Every structure is written in C-alpha cells, then in structure tokens.
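Enquirer: Pulled from TrEMBL, these are the listed features:
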- 146-155: compositional bias 'Basic and acidic residues' (COMPBIAS)
- 146-171: region 'Disordered' (REGION)
- 443-710: domain 'DNA-directed RNA polymerase III subunit RPC5 C-terminal' (DOMAIN)
- 485-557: region 'Disordered' (REGION)
- 502-520: compositional bias 'Acidic residues' (COMPBIAS)
- 522-533: compositional bias 'Polar residues' (COMPBIAS)
Amino acid sequence: MANEEDDPVVQEIDVYLAKSLAEKLYLFQYPVRPASMTYDDIPHLSAKIKPKQQKVEIEMAIDTLNPNYCRSKGEQIALNVDGACADETSTFSSKLMDKQTFCSSQTTSNTSRYAAALYRQGELHLTPLHGILQLRPSFSYLDKADAKHREREAANEAGDSSQDEAEEDVKQITVRFSRPESEQARQRRVQSYEFLQKKHAEEPWVHLHYYGLRDSRSEHERQYLLCQGSSGVENTELVKSPSEYLMMLMPPSQEEEKDKPVAPSNVLSMAQLRTLPLADQIKILMKNVKVMPFANLMSLLGPSMDSVAVLRGIQKVAMLVQGNWVVKSDILYPKDSSSPHSGVPAEVLCRGRDFVMWKFTKSRWVVRKEVAAVTKLCAEDVKDFLEHMALVRINKGWEFILPYDGEFIKKHPDVVQRQHLLWMGIQAKLEKVYNLVKETTPKKPDGQSGPAGLLSGDQRIQAAKTKAQQNHAVLERELQRQKEQLHTSMVLPGVQIKEEPLSEEGEDEDEQGAEEEEPMDTSPSDGLSNRLTNGLPAGRAAGGDSFSGHPPPGCASAPAARELRAFVEATFQSQFVLTLSELKRLFNQHVASLPRGHVLFSGISDHMLQDTVLAAGCKQILVPFPRQTAASPNEQKVFALWESGDMSDQHRQVLFEIFSKNYRVRRNMIQSRLTQECGEDLSKQEVDKVLKDCCVSYGGMWYLKGTVQS
C-alpha cells in the first residue's frame, strides 16, 4: 500500500485496436544511417514484393555528388558489371554505380505480439503487424560481374581453339526416356530444397509505388492507423472482465507444456497414458511393446479396467499368435509410409510382416531365408519383422519370443475362434499373392498345452537329408526304367527334341526334393565320385550300351549317335555345366544350322540326349532347389562334365559336391572347401577359373550355371 501511494496514477489513456491495415501493415527495418539523414530523404527508384514469401526488394539512389563518394571506385564497379558497352540490360546505365538494392529477410515468423502504435489526442491506437522485414544490401551485381568475366574468358578460349576449324565436331548424344513417376518419388521431389527454391523463384514480383513521408497519399493511408469507430464497436477485444484479463495475462498451462522437454519416442509415461481413452492406451502400448500376453496388458492398464472392454479393444490393433497378442502390421506401417531401408511402400511391408506372423501361427520356428525368398523383401526389412516377435537361435532359426499361452486359449475360446477365422482370411490372401501351396491345419488334442508338430533346426536338417536320399533312390530306379524303355521304343522322326513325361511318382518326388533347401555342408569328402551317385549307373557304364560307335538296338543310326556324341562332348568342353533345358536349346540351334538331309534330322529323343550326356563322361548334379522355385523340371536337371583332362578336374568335382547339397553358396565357403580338399597352395586365380567355368554370381551368392532364379 505504501508503494502504491508513492506511485500514483498520473493519467489514464484509452487504448483502441485499429484493424483497417491489420493484414497489410509491414515494418521495414533499414540499416543504421547517421541521425542527420533519413531514408525518406533518399530517392527510392523502385520497389517490388513477393506476397507469399514476404520478400521485398527496394532500389535506392546513391548520392554520387557527396564528397565521401569515391567516383573512381564507382566507375570500376560499373565497368566490371556491365562491361565497356552499355545497353538496356546494363545494371548501371550511367557507367557509374549510382544505386543500391536492398533485399529483405524475415526477422520472426510470429508477429502476433507486435503492433504499430499511434498516439493522438490522448488516445493510443494499435494496429497489428502482418510482417517484420529487415532490409540488407544486396550484392547480386558482383555475381553478374563474375559471370561476365567467365563469359569473356570462355569466349577467348573458344576463339583460340576454333581458328583452324571450319565447323564444330559432331557430338554423340544419349536420349533417355523418363519412367512414370511414383507417388512416393513425387513427394520426395516436392519436399526437396531444389524444388522449393524453384517454386519460390517462380512467384511473380508485384511492383510497388513509393510515397514519401510528406506525400498526400501517405498522409491519407496514415489515417487508417486510427480506429475508425468512435463508439468502440471495434474494441471488443480490449473490453474484458478482470478475470478474463487476468487469464490473458497468465494463461493456464499451454505455454508451460510447450517449454517442457520432449521425451524420446520410445519412452512412455504411464501417468500421461492413463489420461487417454482406453482404445488409445491399448494402441500405444501394443505399438511400443509389439508382443504381449493378455495378462501383462491387464496389469499395465490397471486392476479396475474391465477385461471385456480390453478384449474388445485389443482385437482392433493386434492379432492372436500362439495365445499372445502381436500388434497389427498396419499400426506399425501406416498408409503412405515406406521402409527406411529399401523404400518399399507400406502395403508391401504389411503383407510381408503378415506372412511372418502367419508362419508363427503354424510353428514356433521360422527361417529368415525362407521368408526373404517368399516375400522378395530385403534382408533388413525381414530382420525388422522377426525382431518384433522372435529371438534368433544359432543353427536353428528364429523362435517366437513368448511361450505358448494355453491358459488364455482355454479361457477365451470365442476370441480364439474369431481370430482363427481372421487368420484363414489372411492365409487365403497370402496364398494368392505369394503362390503358396494350400495347407491344412491339423487340430490339436484337447490336452495339449502347446502347438503340435514343432521341429527343431537339427530335426529339419535331418529330415531334409533323409528326403534327399529317398529322392536319389527314386531317380536311380527311374533312370533304369528309362533305359529299358529306350531299348524297346522306336524313334519318331522330327527336328525338335521330343518331351517324354516321367511317371507321376517321379514328378512328385522331384517336386518334394526341390522344396527342401538344405543348409551349407562343409564337411570333408570321403570320396567325391561316390558322393555323386546320381551320375551314370555302374551297370550302364560297364555294359555294352554306350554310344561309343555302337548304339543299342531301336535307337538312331550309328552315324547319328556319333554326331550326337560329338556335339555333346564339344558343348560340355566349353560350357562344363548345363541344364537339360539349355542343352536342348543349344542342340536345336545346332540342328537348325545343319544342311537338309543330315543324319541328326532322323530324330533325337529326350532319353537319347540324356544317355549320350551321361556316356560322354558327364554326371547329373542333384541341386536342392528351394521350395518356391519357378524352375521347370528340365531346368532342375543339371549335368556337369566330370573329367575334361585338365588340371581343374579335381577343383570342379569338389565344387559339384558342394552344390549337390546347397542351392547357393558364398565364395568364402567355396574357397575354404577347395583349400581343405585340394591343399593350401590353391591360388585365387585357380578359384576364379573354376567359378567362372561353372558358376554365376547373383546378389553376393554363387549358383551353378542355369540354376539361378531372379
């Protein structure tokens, strides 16, 4: 009270809010000048503005008669900028730097706290500012001088180099057609710095007229800074009750919340979480945790939460996998988003992650290579999927991160049934998109506490080896049966090689063998020739039905057999590895190049060609193709030259042994096995020669020729 008595109110001033120029009033801040000189005294030659960018350029005259002005320097600058010849495009038409350009920049983006005040007749009139611009000298004329200098130097160099030339040299140009731009690429282009700069440059300038301080038009516009309504209609913003005025001076907590440090995206405040609706709480928890049992979710939400409401909410954002809840893919990958690793759109990512979740509904183990082969996604994306819901186990694969929750399954059979129907719909979509083989899910016994039919990684490997051995025995029998048919069948005439279908049993076994992709086997060989038993049978090699000049009865003539044998030997001496499909293509080309009436026009069957290949010292390599291979049966039959008589025979035999157990192999594994089998003195050039002769590289892996599937 004592302070208030010592500081009495001297005068009360009415405050008015003028809005006539509220959206048009800018404050220009010029560079500092001497007090004796104002910018109003300097002639303004021109002014222009870009309203959207709030960018202004003002051209002002320079007093060249001032004793402080250096005339020689002004002439030199004009000469550097415009050159000796002045024309309409010259910056300084008087051959003297007689003007200067000021360019604006925004001082602040939020001008709501600033206003222009005009005090008149005991009243204070406030007009909100639309923008505050600082004007600084622009030195763009120096860039023009540098450009002129470079043009003169380029012209001089071109003149010196082209004095003796009559015409310019013809240059080859490359024409490229742009591909249709995707929506994602368009968004990146629109957000790029170059695009924004180009867009700003395209905005047209609006030319302004400058009126001085004492001009009548300025005096007229200045009247708009006064509040036009004398009755106070326009001043309702300033008429507030004491409580409203106090609220304006001290707003509740909005400003304080803005000043709080932002927590990391992976940190969740449970106190703030419980203030949200139940659906948002469940969504945020599942998005952060990814996989959670229902009991844990209830404990996080609090004991007072209704379990029925939680069950209803969790089914909107998660799917049931092995009795646990896994967040839905479209929650993690919303529409219009993309992969940070490969740029793949969200739709493809959701489909690939749904495939991983679906695989975990069938088994506790998933193999990453199998997922990548089916989804065709990069390794980083597949790894992200698996890390959301599984843990990696060495030599076994990825195991689901949580144990099977049999208690939830028994307690909520209606939810389990509903989720089962949803998974059936997802399975149908995945089978259609990825061309999966339709599966039937076996029912679990009532007393079983976990999913049935789970196999460890070792069991899977052993099962694959057993199936490969069974397939080998079947192929041996089929080869012997084809030999017997060859003796009794008659050869039909024709140029093209005829297709001869195999038995249904053999085809089924071939498909099963191609579906198993066995892991890399680098154990030392006890006898390479014995390991590749799928070559020429011992009985056939020792028998008298070789094509060394004496073909078996019922086959083509002896000259045709010799010509076929010569073609096969010459082809494998240069190719070393060929699939049956590629060999047939080369043979058809060879026959087409022969003259009419040649002995090979008598007709060569599929079996004759394969028998000739085996009799010529080649062997069939049973390459374990992956399950979802697109290779035809003829493309899965791979033949390789076993002995060619050179120093690399042993190296190739080791390589064929490796590929009889692996569809694709890394180079370091091949080199390690070759060094182990052939000695430590194996050079890099020898390894390169073997790989070049028999293999191709694709995506960092090595494949036998003709077996790689893009």
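Cβ coordinates come from backbone N, Cα and C, glycine included.
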Enquirer: What same-chain residues lie close to the compositional bias 'Basic and acidic residues' (146-155): Cβ under 8 Å, and 6 or more beyond its ends?
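Expert: Tertiary neighbours of the compositional bias 'Basic and acidic residues' (146-155) are 80-83.
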Enquirer: Kindly state the mean pLDDT of the domain 'DNA-directed RNA polymerase III subunit RPC5 C-terminal' (443-710) in the predicted structure.
Expert: 68
Enquirer: Looking only at the compositional bias 'Basic and acidic residues' (146-155), what are its DSSP counts of helix, strand and coil residues?
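Expert: Across the compositional bias 'Basic and acidic residues' (146-155), DSSP assigns the residues as follows: 10 helix, 0 strand, 0 coil.
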